[in-house]
Amino acid sequence: MAAAPSESIPSVNKAWVYSEYGKTSDVLKFDPSVAVPEVKEDQVLIKVVAASLNPVDFKRALGYFKDTDSPLPTVPGYDVAGVVVKVGSQVTKFKVGDEVYGDLNEAALVNPTRFGSLAEYTAADERVLAHKPKDLSFIEAASLPLAIETAYEGLERAELSAGKSILVLGGAGGVGTHIIQLAKHVFGASKVAATASTKKLDFLRTLGVDLAIDYTKENIEDLPEKFDVVYDAVGETDKAVKAVKEGGKVVTIVGPATPPAIHFVLTSKGSVLEKLKPYLESGKVKPVLDPTSPYPFTKLVEAFGYLESSRATGKVVVYPIP
């Protein structure tokens, strides 16, 4: 294996860990001496620069999918941006010194890694990573992988194509902000509508939304028009199926799904990030950070508390690490 010549990789590192399931405020503990993960032949070791939080992180900590989870203790964190410091013998895409980003867990809910991104070092499979776009900061890059890949996979499953209309339920969240941008700039939707609370409607318009809907005042079931695609990012498929055209598609990332809606769980792929690189580098698709970001590594519990409050607009990022 090739290792960074200029940097000796320690055997232990600082990380946040939980050893039992529960609320993040109760179970997350800072540990200054967690073992640095071993790198398999198809993996790289990353010196983490920034990480972002996703709802799956706190749902996992609560034990929502403990039947398929990896054994505790767990260093949480799916999204990572950092620098490669060591490569496995079979790795061909990356070399020591490369700036990379990705969602560490190919299958989000089945044996996710015990060594997540909320640590100084993490190991990642080559196939889930991509080269960081040069124009993006590590903070911006860390905000993207799980959210933008989820947005992309859902739009593909919904067969959105040029000239079709789409309604996004939950347009201001981490995934919703990317559904809107990808629908508009990558998939060529003719009309993008999205829901948010009153004070976030102007924010939706800055993302390119044609019709911003205040869910506190309007029922989507009663809208005068129907849509070719409805993408539910909040868990309201019972309403979503009433807003879709005959023969249209409804996808959701929050189960269970009311038929004919399709529920899916992201398969993390670095190839999707590479495919979207031109749109990110041109600025057509932009990372969306919550105004409170970034949170320092020492304030991780507060960062989770904010994410869990459902108040975030865009992504909650942790930087610098440590």
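Glycine too: its Cβ is placed from the backbone N, Cα and C atoms.
Now, the feature entries from Swiss-Prot:
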| type | residues | note |
| --- | --- | --- |
| BINDING | LYS59 | substrate binding site |
| BINDING | LYS59, 174-175, 197-200, TYR215, ILE253, 264-266, 311-322 | NADP(+) binding site |
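Annotated features taken from Swiss-Prot, shown on the structure.
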residue: LYS59; record: substrate binding site; Cβ contacts under 8 Å, 6 or more apart: PHE65
residue: SER197; record: NADP(+) binding site; Cβ contacts under 8 Å, 6 or more apart: ALA172, ASP214, TYR215, THR216
residue: LYS200; record: NADP(+) binding site; Cβ contacts under 8 Å, 6 or more apart: GLY171, ALA172, THR313
residue: PHE264; record: NADP(+) binding site; Cβ contacts under 8 Å, 6 or more apart: GLU153, GLY154, ARG157, VAL251, THR252, ILE253
residue: ARG311; record: NADP(+) binding site; Cβ contacts under 8 Å, 6 or more apart: none
residue: GLY314; record: NADP(+) binding site; Cβ contacts under 8 Å, 6 or more apart: SER143, ALA172, GLY173, GLY174, THR177, PRO287, VAL288, LEU289, ASP290, SER293
residue: VAL317; record: NADP(+) binding site; Cβ contacts under 8 Å, 6 or more apart: ALA50, ALA51, SER52, LEU53, ILE139, ALA142, SER143, LEU289, ASP290, SER293, PRO294, TYR295
residue: PRO320; record: NADP(+) binding site; Cβ contacts under 8 Å, 6 or more apart: VAL49, ALA50, PRO294, PRO296, PHE297
Helix, strand or coil at VAL317 (NADP(+) binding site) [DSSP, three-state]: strand
Local backbone state of LYS59 (substrate binding site), from DSSP in three classes: helix
Secondary structure of ARG311 (NADP(+) binding site) (DSSP, helix/strand/coil): coil
